[in-house]
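J.: Grabbed the feature section from TrEMBL, which reads as follows:
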- 1-211: domain 'CWH43-like N-terminal' (DOMAIN)
- 41-63: transmembrane segment (TRANSMEM)
- 75-101: transmembrane segment (TRANSMEM)
- 116-140: transmembrane segment (TRANSMEM)
- 152-172: transmembrane segment (TRANSMEM)
- 184-207: transmembrane segment (TRANSMEM)
């Protein structure tokens, strides 16, 4: 969507909506200013499809972890279901905010509502990421799959860099306001806005990575396979590792979701059995 907008804008001769900021055309105008021209239908459609994919990915991230599906290491506690539901709600609200921002042209008539929806969009996306990473922290403590840890680190780095971009963007706008409408800093702030929107686009490959079962590795596959055989293994008495924590249905009486999976009186032996089983499976 962003590339389509830029190409169409250049082909049309870079029409300028806001002629008051005379220095901005020497660099690049704000995305919202391009979207407020006759290219607004592209802006709206792009925002709509982006929101649909965002919400769909967040819903699938929950659905494929339900005990019925077990496509990924499954949900084991009601608290995780609640956080997943919160993440879905936040993604829906964020998508609606950016859609409303694209529908309200950033001009003298809708400037304030447009800005409010953009700010709300940023807040709800950040809140979604916090809820999402909380679930991954719990999954990592419970299952020990390294993919969860790696994605937490990557997303923390992504958020940290995004915060730097936002602060820089705000600083440039502040200098532009202090320098008047003819300040060169308006052009710099427009550049930073495009950097921000492209950086936001990098979040979608991360969502796709979350939904790729291959990224979870053989260890996750082993855990899910053990979960399917939990009843026979635990009932026979031949397996010291109680797989009930994988297959147990969610209840309000379940253990603390932040407990480490291996924290029990047989910790050492259980870990050795799990590691040995995983290693043996690799050579089958």
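Using the three backbone atoms N, Cα and C, a Cβ is placed for every residue, glycine included.
Help me see these features in their spatial surroundings.
T.: Here the transmembrane segment (41-63) has Cβ contacts under 8 Å with residues 1-2, 4-5, 8, 34-35, 69, 75, 81, 84-85, 87-88, 91-92, 94-96, 98-99, 101-103, 128, 132, 204, 207-208, 210-211 of the same chain, all six or more residues outside its ends.
Long-range contacts of the transmembrane segment (116-140) within the same chain, counting only residues at least 6 positions beyond its ends with a Cβ under 8 Å from a Cβ of the stretch, are 32, 58, 61, 73, 77, 79-80, 83-84, 86-87, 90-91, 93-94, 97-98, 100-101, 104, 148-149, 151-152, 155-156, 159, 166, 200, 203, 257-258.
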J.: Sort out the residues at least 6 away from either end of the transmembrane segment (184-207), same chain, that have Cβ-Cβ distances under 8 Å to it, and list them.
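T.: Result: 2, 21, 23-24, 26-31, 50, 53-54, 57-58, 61, 125, 151, 154-155, 158, 161-162, 165-166, 168-169, 172-173, 175-176.
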